[in-house]
Amino acid sequence: MGRWCQTVARGQRPRTSAPSRAGALLLLLLLLRSAGCWGAGEAPGALSTADPADQSVQCVPKATCPSSRPRLLWQTPTTQTLPSTTMETQFPVSEGKVDPYRSCGFSYEQDPTLRDPEAVARRWPWMVSVRANGTHICAGTIIASQWVLTVAHCLIWRDVIYSVRVGSPWIDQMTQTASDVPVLQVIMHSRYRAQRFWSWVGQANDIGLLKLKQELKYSNYVRPICLPGTDYVLKDHSRCTVTGWGLSKADGMWPQFRTIQEKEVIILNNKECDNFYHNFTKIPTLVQIIKSQMMCAEDTHREKFCYELTGEPLVCSMEGTWYLVGLVSWGAGCQKSEAPPIYLQVSSYQHWIWDCLNGQALALPAPSRTLLLALPLPLSLLAAL
């Protein structure tokens with residue numbers, strides 16, 4: 001079993017017969033497997049706890065990566081300070097309940113009908129504004145208490161001071177729940193390419209990390225999102241959500257929104273998307289445009305919320321937990337709404353992210369309600385062994 005379900009029995013164990021002990025163990029394993037807890041890496045959407053094998057890709061240019069990869073620990077980020085100004089109620093861990101401050105991917109606003117800026121900020125507490133010299137340039141996503149994930153093409157500027165604004169739905173004003181945090185380190189993928197063919201077509205390895213100068217204080221408005229494992233599979237035609245502020249303007253149109261926007265999109269099959277872009281761009285069919293590290297999502301009405309170039313996160317919900325599955329990377333332009341935007345597929349870069357975090361633990365998804373309700377029986381079985 002994986003770390004998620006591992007238990008250690010200590011002290012003297014009462015003697016039991018071999019058949020009864022084997023039967024109890026078999027029942028325990030079946031219960032845990034049915035609860036989705038055979039191993040953290042095997043649960044759909046969970047981060048794998050297995051040590052990554054691929055060590056060929058390093059992070060550059062401003063970061064030193066460790067020679068060996070850290071294992072993911074069954075723990076939350078090192079800092080869990082709760083600000084009293086925004087934390088109204090603590091949620092103790094009990095049967096059927098999970099402390100949201102000790103897990104990732106938890107949204108503090110469960111009512112999707114609420115559209116006011118404060119409610120939207122609580123609904124997407126991992127959203128941050130990436131800023132250069134104090135001006136918003138892209139969206140970013142909190143993945144750990146000191147780390148923000150974004151796209152590499154937003155980090156190419158030299159001689160600028162990067163910072164992030166967290167906890168605020170507003171792009172141009174501070175609130176009581178918001179804070180500006182300076183960036184300590186900028187990390188870009190070593191194989192990032194601004195273009196593979198021409199102009200806007202086919203950015204490769206468009207991913208970057210920002211290490212903050214201080215750890216974030218989590219609240220209802222500031223929380224990390226969960227990362228998918230390498231075996232995460234998103235079914236075609238799944239419905240997910242894009243959130244962010246969008247472009248400042250495109251061809252004199254689409255003024256940037258002052259508050260966080262949200263848009264539901266439909267996941268497309270990569271092969272169909274690749275065929276579409278071959279017809280759209282006239283690139284020879286022998287050349288693969290949509291790589292396995294990319295993904296497509298259909299959104300045919302982008303005239304108002306244009307988000308193709310600014311790193312907006314693509315997030316999907318599974319059993320009440322939100323996962324970061326993609327980052328907006330490139331596209332044909334919002335005026336060509338029939339062309340689906342292309343996202344970087346986050347699960348393809350799990351190893352790279354592990355390397356660059358250099359041992360800082362990621363928050364893990366909270367155990368499902370099924371598991372919490374099933375645990376008393378396995379524990380009683382263990383006590384009988």
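Please read every residue number as a count from 1 along the shown chain.
Yeah, the Cβs are placed from backbone N, Cα and C, and that goes for glycine too.
As annotated by Swiss-Prot, active site, charge relay system applies to H153 (among others). Counting Cβ atoms from all protein chains shown, H153 (active site, charge relay system) has 21 others lying within 10 Å of its own Cβ.
Around the Cβ of D206 (active site, charge relay system), 26 further Cβ atoms fall within 10 Å across all displayed protein chains. Annotation source Swiss-Prot lists active site, charge relay system at D206 (among others).
The Cβ neighbour count for T310 (active site, charge relay system), using a 10 Å radius over every protein chain in view, is 23. The annotation active site, charge relay system is assigned in Swiss-Prot to T310 (among others).
What Swiss-Prot records for C138-C154 (among others) is disulfide bond, and it gives sequence analysis as the kind of evidence. The Cβ of C138 (disulfide bond) has 23 neighbouring Cβ atoms from other residues within 10 Å, across all protein chains displayed.
Annotation source Swiss-Prot lists disulfide bond at C240-C316 (among others). Taking the Cβ of C316 (disulfide bond) as centre and 10 Å as the limit, one finds 20 other Cβ atoms among all the protein chains shown. In the three-state DSSP reading, C316 (disulfide bond) counts as strand.
Sequence-distant contacts of C273 (disulfide bond), defined by Cβ-Cβ distance under 8 angstroms and a gap of at least six in the same chain, are I290, C296, P340, I342. Annotation source Swiss-Prot lists disulfide bond at C273-C296 (among others).
If you look up Swiss-Prot, you'll see C306-C334 (among others) marked as disulfide bond. Look at C306 (disulfide bond): DSSP puts it in coil.
Per Swiss-Prot, the feature domain 'Peptidase S1' maps to 93-358.
Taken from Swiss-Prot, the feature N-linked glycosylation site covers N133 (among others), and the record attributes it to sequence analysis. N133 (N-linked glycosylation site) carries neither a helix nor a strand DSSP state and counts as coil.
Summarising the annotation, Swiss-Prot assigns N-linked glycosylation site to N279 (among others). Sequence-distant contacts (6 or more apart, same chain, Cβ under 8 Å) of N279 (N-linked glycosylation site) do not exist in this structure.
Feature annotation from Swiss-Prot assigns signal peptide to 1-39.
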For C138 (disulfide bond), the three-state class that DSSP assigns: strand
Neighbouring C-beta atoms (10 Å sphere around the C-beta of C334 (disulfide bond)): 24
Using Cα positions only, nearest of the active-site residues to C138 (disulfide bond) (H153, D206, T310): T310
Between C316 (disulfide bond) and C154 (disulfide bond), the C-alpha gap once rounded to whole angstrom: 23
